[in-house]
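Noted in Swiss-Prot for the protein shown:
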type     : residues     : note
DISULFID : Cys36-Cys39  : disulfide bond
DISULFID : Cys96-Cys101 : disulfide bond
TRANSMEM : 7-26         : transmembrane segment
TRANSMEM : 41-60        : transmembrane segment
TRANSMEM : 67-84        : transmembrane segment
TRANSMEM : 109-133      : transmembrane segment
Amino acid sequence: MIRFLRNNALYFAWLICSTGTVMSIYYSYLLNIEPCVLCYYQRICLFPLSIILGIATYREDNLVKIYALPLSITGMVIAVYQICLQEISGMTIDICGRVSCSTKLFVFGFITVPMASALAFCAISCLLILSGSKKK
């Protein structure tokens, strides 16, 4: 199982990233839900990863983690910060625009958008790290 995951880590990372990109566009343009500022920052990290990981998967380039891991970790840090804004009372942020960064919007009825984002970025990061290992 681990060998299968290691051999296909880039593909799974790209699949998670592409799913997140499609879901983000679906929420914005089809459901007309305006994202907050922190969501835009997470998108800045997520959208390029779809292209970068897609090319790396096609070329079987495991060295892509040098470029993709910083984007993934940055997105995860922003998502965790937004989770803290939502869950810790008294935490505020001054950069929020018309949409509050602390507003909870649930995906599938039980997980918030930043929590789904943090999980996706965490999974992408783990898969990128795993893709470079050469253990037999």
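Positions of Cβ are set from backbone N, Cα and C atoms, glycine also.
Listed as Cβ neighbours of the transmembrane segment (41-60) (distance under 8 Å, sequence separation of 6 or more from its ends, same chain) are residues 10-11, 13-14, 17-18, 20-21, 24, 35, 67-68, 71-72, 74-75, 78-79, 82, 114, 117, 120-121, 124. Same-chain neighbours of the transmembrane segment (7-26): 35, 39, 43, 46-47, 49-50, 53-54, 56-57, 60-62, 64, 68, 107, 116-117, 120, 123-124, 127-128, 130-131, counting only residues six or more beyond its ends whose CB sits under 8 Å from a CB of the stretch. Listed as Cβ neighbours of the transmembrane segment (67-84) (distance under 8 Å, sequence separation of 6 or more from its ends, same chain) are residues 13, 36, 38-39, 41-42, 45-46, 48-49, 52-53, 56, 91, 101, 112, 114-115, 117-118, 121-122, 124-125, 128-129.
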